[in-house]
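> Dropping a structure here in structure tokens format, bear with me for questions.
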Amino acid sequence: MPKLLLLPGDGIGPEVCAEVRRVAAALTPDIEVTEAIYGGASYDAHGTPLTDEVLAMALSADAVLLGAVGGPQWANAPRALRPEAGLLKLRVEMGVFANLRPALCFDALADASSLKREVVAGLDIMIVRELTGGVYFGQPRGIETLPDGQKRGFDTQVYTTSEIERVARVAFELARGRRNHVTSAEKSNVMESGVLWREVVTELHARDYADVTLEHMLADNAAMQLVRRPTQFDVLVTDNLFGDILSDAASQATGSLGMLPSAALGIKGKPGLYEPIHGSAPDIAGKGVANPLAAILSFEMALRWSFGRGDIADRLFAAVTRALDGGARTGDLGGTMTTVAMGNAVLAELG
Ligand code: NAD
Ligand code: IPM
Ligand code: MN
């Protein structure tokens, strides 16, 4: 039986994952869903956000779906043991270097965006975020005390040729199945890693993907262009940190951060990691009002990319579209529905 490991995590994570469970039970009863403790919840229970047992479960599943981790109650935990550290470790151990974050504006939601309808109508961007390198992992990093008593905090941004090339390749391949355009964003005007990034992407393009149009854009300009005219983007490939920031910005153009799913992929045949791009949302956690669609659409991506069930993924995507067409809206989309009611709306459309 194909296996999905659910790691609900903290805050709204368990609330949105409960809706994924219901959808999975209705749609794919033949996929075995197992749940395990992770994040702050695991830190509280076991003193670590990711136990070896749960990591082993993740590596032997066909796909892993995360809710979210973190929250103010763990702000003072040792940095290496904070919930977010468990997430980063999971990404690295699973080797999922390419994070696909589709920012898609459902037609029914064009008026839910904080941008004008005419700016976001038809918006369909595939953000490809490098996920296992860059400043998130570069060494050295730390906080040290200087002789004068001041402190100095430092991080290192670092990319190798192969790290850039493999994620750029994913972007070019995806573009071929879409509108054949890749925008690569970096800061080659100020960063050495940005210079290398641009060089490697340019060379790979010339060598293997000359049929795809390639545009280089400085990351700050990319942020501006995402709110000016987001429909100019097809595939947007960028590093770990810029990808984190640009995808949150793009999400709001689609209506809400609560709408954006993601798929993190690495080596063929290895499990994929699926997660909404939003966090644990401490401000609304426990109220039952979080939008579960980013999590449900992450399951849709898992069906497509890990379970080879594109047909069932299409059905789920169509059900979400119809639920939104029918007016289903959680608070972030300007409505009043609870998390469970949104789950019900999708289930009703699945029939
Ligand atoms: P956040 O994404 O949790 O929330 C930002 C804002 O968006 C909040 O107002 C929140 O209520 C709203 N929001 C997010 N998801 C929503 C949803 N599904 N429905 C409705 N509204 C939603 O970001 P934050 O507040 O900066 O971070 C909170 C915690 O989450 C931090 O500890 C952070 O490290 C963590 N975090 C975890 C992940 C992850 O697990 N993948 C991602 C981002 C942030
Ligand atoms: C995300 C989150 C994470 C990141 C944090 C929680 C480590 O913001 O998945 O977008 O920065 O990658
Ligand atoms: Mn983020």
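Placement of Cβ uses the backbone N, Cα and C atoms for every residue, glycine included.
In case it's useful when we look at the structure, here is the feature table from TrEMBL:
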type: DOMAIN; residues: 3-346; note: domain 'Isopropylmalate dehydrogenase-like'
type: BINDING; residues: 71-84, 279-291; note: NAD(+) binding site
type: BINDING; residues: R91, R101, R129, D220; note: substrate binding site
type: SITE; residues: Y136; note: site 'Important for catalysis'
type: SITE; residues: K187; note: site 'Important for catalysis'
type: BINDING; residues: D220, D244, D248; note: Mg(2+) binding site
> Checking proximity to ligand 3 here: which recorded positions out of G71, A75, P83, Y136, D244, A285 have their Cβ closer than 6 Å to it?
D244
> Around ligand 1, within a Cβ distance of under 6 Å, which of the recorded positions R91, R129, K187, A281, A285 show up?
A281
> Take the mean position of the Cβ atoms of D220, D244, D248, the recorded Mg(2+) site. Which other residues of that chain put their Cβ within 8 Å of it?
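Nearby residues not in the site list: A219, A223, L241, F242, G243, I245, L246, S247, A249.
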> Taking Cα atoms as reference points, rank the recorded positions R129, Y136, K187, D248 by distance from A75 (NAD(+) binding site) and give the first.
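That would be Y136, nearest by Cα distance.
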> In whole Å, how far does the CA atom of R101 (substrate binding site) lie from that of R79 (NAD(+) binding site)?
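Here the two Cα atoms lie 27 Å apart.
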> Considering only the binding-site residues G71, R91, D244, A281, V289, which possess a Cβ situated under 6 angstroms from at least one atom of ligand 2?
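With ligand 2 as the reference and 6 Å as the Cβ limit, the list reads D244.
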> Quick one: pull the CA-CA distance for R91 (substrate binding site) versus Y136 (site 'Important for catalysis'), whole Å only.
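One finds 11 Å between the Cα atoms of these residues.
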> In sequence order, what residues of the same chain, 6+ apart, have a Cβ less than 8 Å from the Cβ of D220 (substrate binding site)?
K187
